[in-house]
Amino acid sequence: MKIIQTENYQSMSKLASQHVINTIKQLNKPVLGLATGSTPEGLYQHLIKAYRMHQISFANVSTFNLDEYVGLHKEDKNSYHYYMQKFLFNHVDIPYKNIHLPNGIAKDLSVECTSYEDRIQQAGGIHIQVLGIGRNGHIGFNEPGTSFESQTHVVDLDESTRNANARFFDSIDEVPNQAITMGIQSIMRAKEILLLVSGSEKAEALEKLVNGNVSEEFPASILQTHQNVKIIADKAALQDISYHHFSETM
């Protein structure tokens with residue numbers, strides 16, 4: 001596990017984008033695992049900028065998102081389909097057929113979960129998975145207590161997670177109670193994991209990830225066992241972690 005400290009959110013986002021850009025350039029058919037929320041927005045802005053400057057193309061890129069709310073149509077402004085179009089896909093040359101997100105309005109959610117796993121495997125697996133971390137240690141929508149053996153599944157959202165996401169909705173009552181999420185085993189199959197952490201409000205969770213015990217009660221702790229994890233975090237998020245943990249390079 002490498003930890004790279006940056007000065008602030010902006011430098012975290014830029015460094016993350018440089019790493020993703022290098023990955024895209026190195027591979028013939030790169031497969032990216034993508035996340036939503038406020039943390040990766042800066043990363044996506046830098047990727048769009050690189051595309052507009054003709055530094056990269058997404059023509060051969062395939063993407064798989066971590067999760068989607070159950071019950072929200074892809075055109076709903078709070079769906080993750082909508083988020084990804086708004087913050088990345090509408091601004092680059094990625095073919096529509098290469099974009100994959102769970103279908104939160106599928107008639108049979110169990111079949112959708114199995115199908116999503118199959119699509120990831122058919123694409124050859126994920127080369128680099130972008131992650132954030134929740135204050136309770138969730139990754140994707142895998143809440144505390146989720147089995148480390150879990151694959152893509154439907155999850156009941158923890159109240160703390162719904163409260164954290166309420167800022168994106170008109171009220172807490174509009175936040176869905178369920179989501180489809182890649183499971184922890186699904187995430188761990190990625191060849192590389194890129195965890196982005198920013199802000200003092202994530203410091204306690206990040207310290208627990210780095211120094212705590214591996215436990216299903218803190219899902220992100222499983223990342224300690226992955227062979228290729230890079231954490232890019234700003235100073236505020238790293239305030240509880242001693243400097244000797246840090247790496248100078250990617």
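Each position is counted from 1, following the chain as shown.
The backbone N, Cα and C atoms fix where each Cβ goes, glycine too.
What Swiss-Prot lists as active site, proton acceptor is ASP67, HIS138, and the listing cites sequence analysis. For ASN136, GLU143, the entry in Swiss-Prot reads active site, for ring-opening step.
Shown in sequence order, ASN136, VAL155, ASP156, LEU157, ASP158, THR161, PRO219 are the residues of the chain, 6+ apart in sequence, with a C-beta less than 8 angstroms from the C-beta of GLU143 (active site, for ring-opening step).
Annotation for HIS138 (active site, proton acceptor): same-chain Cβ neighbours under 8 Å, separated by at least 6 residues, are PRO144, ASP158, THR161, PRO219, ALA220. Long-range C-beta contacts of ASP67 (active site, proton acceptor), restricted to its own chain and to partners at least six residues apart, with a cutoff below 8 Å, comprise THR36, TYR80, PRO102, GLY140, PHE141, ALA179, ILE180, THR181, MET182.
Counting every protein chain shown, 18 other Cβ atoms lie within 10 Å of the Cβ of ASN136 (active site, for ring-opening step).
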